[in-house]
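Look at TrEMBL and you will find H85, D87, E106, H123 tagged as Fe cation binding site. Summarising the annotation, TrEMBL assigns Zn(2+) binding site to C91, C94, C131, C134.
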Amino acid sequence: MNHDDNLRIHGLKATLPRMKVLDVLREERAHLSADEIHRRLLLQGEDIGLATVYRVLGQLEQVGIVRRNVFDAGRAVYEIEHGGHHDHLVCVHCGRVEEFFDPQIEALQHEVARSRGFSLVEHRLAMFGICGGCSQERPGIGTARRRPPGGGTIG
């Protein structure tokens, strides 16, 4: 489905800022912050302000076209909502985010909820670690004790 149709289905007009923000998210296929989206738009020669990017992302999130995730220190990143559930692996050094789906993890989460008298309606899982790229660039990086998002210690 193209941007025009997707926006119209959700009751939004296909304005230039909405189209351009969606283009960036689809082309990058990554989890991007509003600042990163804005920088990419500027590099493309688009005259769309940061406040407009935030407003557009809020509108797109509200109607379910994009999903907002907060992985570290309150920094929100956005992705196109594809409708399929997935979880995230987040590198604590470079910020790389990798999506994954594991049936065993899904079953375990449902069992944990069920064993405590809950009926699971929705869940989000983000696991924090050090990606292969960062491990190769800086050997021993994974052995240091680090503070994960939200406090506590890792390691």
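Each Cβ is built from the backbone N, Cα and C atoms, and glycine gets one as well.
Keep in mind it's a predicted model, so treat the numbers as computed, not measured.
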Sparsest-packed of the listed binding-site residues (C91, C94, C131, C134) - C-beta count within 10 angstroms: C94
Whole-number Å value for how far E106 (Fe cation binding site) lies from C94 (Zn(2+) binding site) (Cα to Cα): 27
For C131 (Zn(2+) binding site), the three-state class that DSSP assigns: coil
Of the binding-site residues listed as H85, D87, E106, H123, the one whose CA lies nearest the CA of C134 (Zn(2+) binding site): D87
Cα-to-Cα gap, E106 (Fe cation binding site) vs C91 (Zn(2+) binding site), nearest whole Å: 21
Pairwise CA distance, C91 (Zn(2+) binding site) versus H85 (Fe cation binding site), rounded so that it is a whole Å: 20
Listed in sequence order, residues not in H85, D87, E106, H123 with Cβ within 8 Å of the centre of the Fe cation site Cβ atoms: H86, F101, I105, Q109, R124, L125
Distance, C131 (Zn(2+) binding site) to H123 (Fe cation binding site) (CA atoms, angstrom): 23
In the chain carrying H85 (Fe cation binding site), residues 6 or more apart in sequence that have Cβ under 8 angstroms from it: F101, E106
Cβ neighbours within the same chain of D87 (Fe cation binding site) - under 8 Å, at least six residues apart: E99, F100, F101, D102, I105, R124, L125, A126, M127
Output field, Zn(2+) shell: CB within 8 Å of site CB centroid, site C91, C94, C131, C134 dropped: V92, H93, G95, R96, I130, G132, G133, S135
